[in-house]
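What TrEMBL records for 9-77 is domain 'HTH gntR-type'. Here TrEMBL flags 254-283 as region 'Disordered'.
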Amino acid sequence: MIYREVAQNRTADVVVAQVESLILDGVLRPGDRLPSERELARALDVSRPILREALDDLAARGLVESRHGGGTYVADVIGEVFRQPVVALVRSHPRVQADYLAFRREVDAIAAGLAAERANADDRALLRGILERLDEAHAAGDVQREAELDVEFHLAVSDCTHNTVLLHTLRACYRLLADGVFYNRALLYGEADCRDRLHAQHHAVAEAILAGDGAAARAAAAAHMDYVAAEVAARQEADARAAVSARRRAVAEARLDGPRGGRGPALGLTETTAPGGRRGRTA
């Protein structure tokens, strides 16, 4: 149980402070459901009126929220790195992906190094558990599950840093990754060779952290992000070439199938009749 009995000064402020710490430390994530009022009051050893006062205070400050159908949940305290209009711009300008991946390379390396230096027994147990699940998904060829565990793996590494600012900064970055804002992880996991390489890289990062080798962990994390950046760039280039080839083929086939010796309408244009009987062309 993550909640501790309130030994003395059983006031709403003490309950609020405990829940705040759980959110700040990353123990409770956005969307996590709190126990029922009865269960939580029993776990904290406080009266239900005091608990209600604490929950009202947390809700007023935007840390928890009640949802339709019942239950109290941790609110979206991470927020957005970018507002939605900027996210739309990012999606339409793939070159920003390179900036994101460059940022991730540096920050992920710092996180891995700190994780190796600061991880305790519980942190290492969690990391091993995620690694085992990654192994199972990889062996089963479950691409979707492996992509989901990819995010969980990086979240666990950030937890191991025991640096609150770094933890929440990375969680905001990984949300963009999970939402596919910068690139589609499923495409990377869709190719066997790429999946194998990513899997081996995750193992290299984890093994360095578990061994307490900060330098090796930083190097492994940087190498991992270098590989991801190279793969994403290669796929963007291939997609661009494919788009050009598709257009070239369409125009070539239209030219080959057009009237022989005739001038006909321009390729890619359709003849129209303008007001007054004049003929024109539109795309």
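For all residues, glycine too, the Cβ spot is worked out from N, Cα and C.
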Three-state composition of the domain 'HTH gntR-type' (9-77), taking helix and strand from DSSP: 34 helix, 7 strand, 28 coil
The domain 'HTH gntR-type' (9-77) [mean pLDDT, rounded to integer]: 86
